Number of protein chains: 2
Amino acid sequence: MIETLASSGCHGGRQSFHAHQSRITGTPMRFGLFVPAHSGPRPVLWCLAGLTCTEETFAIKAGAQRFAADHGLILVTPDTSPRNHAGGDAADDGSYDLGQGAGFWLDATQAPWAPNYRMASWLLDEMPEVLLQLAPADLARQSIMGHSMGGHGALTLALKHPKRFRSVSAFAPICAPSEVPWGEKAFGAYLGDDRAAWAAHDACALIAGGKRIDEILVDQGMADQFLEAQLRPERLEAACARAGITLRLRRRAGYDHGYWFIQTFIEDHIAFHAERLA
Amino acid sequence: MIETLASSGCHGGRQSFHAHQSRITGTPMRFGLFVPAHSGPRPVLWCLAGLTCTEETFAIKAGAQRFAADHGLILVTPDTSPRNHAGGDAADDGSYDLGQGAGFWLDATQAPWAPNYRMASWLLDEMPEVLLQLAPADLARQSIMGHSMGGHGALTLALKHPKRFRSVSAFAPICAPSEVPWGEKAFGAYLGDDRAAWAAHDACALIAGGKRIDEILVDQGMADQFLEAQLRPERLEAACARAGITLRLRRRAGYDHGYWFIQTFIEDHIAFHAERLA
């Protein structure tokens, strides 16, 4: 059963928020959904958010619906982790960068995270069925994008599932999580100390290991407070150059890590995906 | 002294949030500010929010900056009441529709509200000076808009200050507050039991009493949960018809009271003001 938490007219279509009891995470899981007014099956763009975010963050702050409406795209904004909503019993950690709000878009293998923190399987194996119950989704046409931790999620899932996602883009993604504090902390907790297991969840390592997609679109603010310590776009640039992947990495002077930056350039990202989903 | 709480690049300009110690309310007061990239003095659009909102609500949810940037407008999003931020000592009420978050854009005359709840004077007499310290505002070109309680504020302030504001628009305004529960509760508390004092803060009563402006733009969702009990656009329609004020009241089927509705039609409102501020 899918619960509708809210539903409102928006740009000729509808923006809604939902919860369902996930068989994969074992908890209630929430997501936002924008369905444009167009008739007939519509392509789907998955929008993955970053640390501390919920299903509402990208939906409320990115300003994507206006352009999704223009192009006839369905937008899905999943929550970033299992949570202790009514009926939920997910592990947590006091810090903002581990546990609730910080699922890192992967399936954890370590205690206490493994039973619930299965964000990749939830997104890939369960959410498409859930979506079909709510919207005229054309699952033959899916793309994925994300911000920060969600940019990491979009890049790694697109690299591992190139036939599922026609295109991928990111705002300020964590490009090489195995090599930065956010990723080291999260991967250590979710995947354990054996760094060999981390490579399957690191965009740069996946490319170095042979995964290929045609192209990647990234916007990165040059006033981003996390640029040097956590994001490392130059690693992605080097990995793509060696692999022959077309990376359009646009360095944006004066922009920081937040949604004021995202809303400024969202129109381009939506158009990029729409063209590849046509 | 004006404190900068946050500042980010946004659509080529900057979105920032500030606090200052108001001599009028006697408390710290907050507001959001968008300044476009254009050089030289820019016109100002004051954006007044509704019940429960803060200086962040319209700034984050309306999607107005994209169009303000296109047209070169400065946007100011004031908080909706005095609050007990550090150094603040404002009266409050447990309910959402009186006290903090519910200033109703007027100067209270009754205890315990009168010392701090002076939102009209703060906006009209103090905020312009504050704004000039932060942005190249052209105060000869000001317009005003608002949502719900903020729509009431925009309409009443524009009617009382027709030389200051070149244009006024509203989303789902409280058109006749003297006659609906929200207004009766707030006006009774802030202005006292003598309803004669209420007319100066009621758009329909102001028009009936002879106040005149050329035109008003209003969008109203027809699925708005507050339409019949609180908003009463038909009263404004009748008042404008009798007074010869051009009211463009656009009834929007399927839209509710929230910001999904506002973001859908914000482009039109910004363009409407920009044309009159040119």
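Backbone N, Cα and C define each Cβ position, glycine as well.
In sequence order, A:A49, A:G50, A:L51, A:F171, A:A172, A:P173, A:I174, A:F226, A:L231, A:H257 constitute the residues six or more apart from A:S148 (active site, charge relay system) in its chain with CB-CB distances below 8 Å. Annotation source TrEMBL lists active site, charge relay system at A:S148 (among others).
Annotation note: A:D224 (active site, charge relay system) sits in a coil segment as assigned by DSSP. Look at TrEMBL and you will find A:D224 (among others) tagged as active site, charge relay system.
Summarising the environment of A:H257 (active site, charge relay system), the number of other Cβ atoms within 10 Å of its Cβ, over all protein chains shown, is 22. If you look up TrEMBL, you'll see A:H257 (among others) marked as active site, charge relay system.
Around A:D224 (active site, charge relay system), the C-beta neighbours below 8 angstroms that are at least 6 residues distant in the chain are A:A172, A:L231, A:Y255, A:D256, A:H257, A:F261.
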